[in-house]
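Per TrEMBL, the features are as follows:
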- A:88, A:91, A:126, A:129: Zn(2+) binding site (BINDING)
- A:102: Fe cation binding site (BINDING)
DNA sequence: AAGGAAAATTATAATGATTATAAAATAACA
DNA sequence: TGTTATTTTATAATCATTATAATTTTCCTT
Ligand SMILES: [Mn+2]
Ligand SMILES: [Mn+2]
Ligand SMILES: [Zn+2]
Ligand SMILES: [Zn+2]
């Protein structure tokens, strides 16, 4: 955790450690504001700009990846490896999906173009929301 | 062209026809502002809001697709079929790439999730820009 | 062809996520 | 412990997109 910051030549600060701690192993793909709201109680002086700055530098260093599956807001993923993201249009959650086109290993060459990065975004209805509909609307437990 | 509008129950206006004409067969993936700037000389009264409204209704009707390969701006594509987009980090152009994962035909089911839509975005250096570098910087014709 | 309702266009303001700025605080090194 | 570069913070600015409301236009009916 601390190593990630040192590796990038960044100073260790409580704010950065807290942000990294939230991200570590997190598969919920939080936005900058999500992280800010989660930390604000423990860090009353925390600034949203600090969260943005930290996420930007982590992304620039390849330690986290930006997920731009929604049109209005960026989300962040501590797993920097290219993998498939799925947005459920019903519950609005972003999920990892364990599928990746075999013929797309980076970096690669496609018709003379050098492919260095890739995003695969899927949209639909997650199995949880499908199940809810399947069970009918007679029991309205959202 | 006119049929697309009628099919969607929209009124035929000069502005909409002009926007559709620009889009027809266009593979440059223009933004709303690109289209606005191109039309403004011929339509001095044209409002940017009209361009946005038209693109939104066309996208909603499945006649064009939004391309969100850049983080700051939406681009539009008259080809509504899912296909692969590639952003060159050098020239900043968006290109179509003729590749699509075999195992991803829509709609489909992945682990219980219903997949209805998909975006595949690639990033790198296009063959044109690679050629320029290959030929060295001694002839500086950008 | 003229009238009129509904829809579209326009100018303009509002929104909201993100980025920039500059002063104050802090981390890390000697 | 002191010094300096970095970071945090509060705040303002940016800018693509969306909302609003008045004006204009389409298009169906007469
Ligand atoms: Mn993920
Ligand atoms: Mn395209
Ligand atoms: Zn869901
Ligand atoms: Zn290029």
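A Cβ is built for glycine as well, from the same backbone N, Cα and C atoms used for every other residue.
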Legend entry - A:91, A:126, A:129: the binding-site residues whose Cβ falls under 8 Å from a chain B Cβ: A:126
Inset, instruction - For residue A:91 (Zn(2+) binding site), list the number of other Cβ atoms lying within 10 Å of its Cβ atom. - result: 14
Inset, instruction - Filter the binding-site residues A:88, A:91, A:102, A:126, A:129 down to those with CB closer than 6 A to an atom of ligand 1; keep them in sequence order. - result: none
Legend entry - binding-site residues whose CB lies under 6 angstroms from ligand 3, from A:88, A:102, A:126: A:88, A:126
Inset, instruction - Report the member of A:102, A:126, A:129 (the binding-site residues) whose C-beta atom has the most other C-beta atoms within 10 angstroms. - result: A:126
Legend entry - Three-state secondary structure, residue A:129 (Zn(2+) binding site) (per DSSP): helix
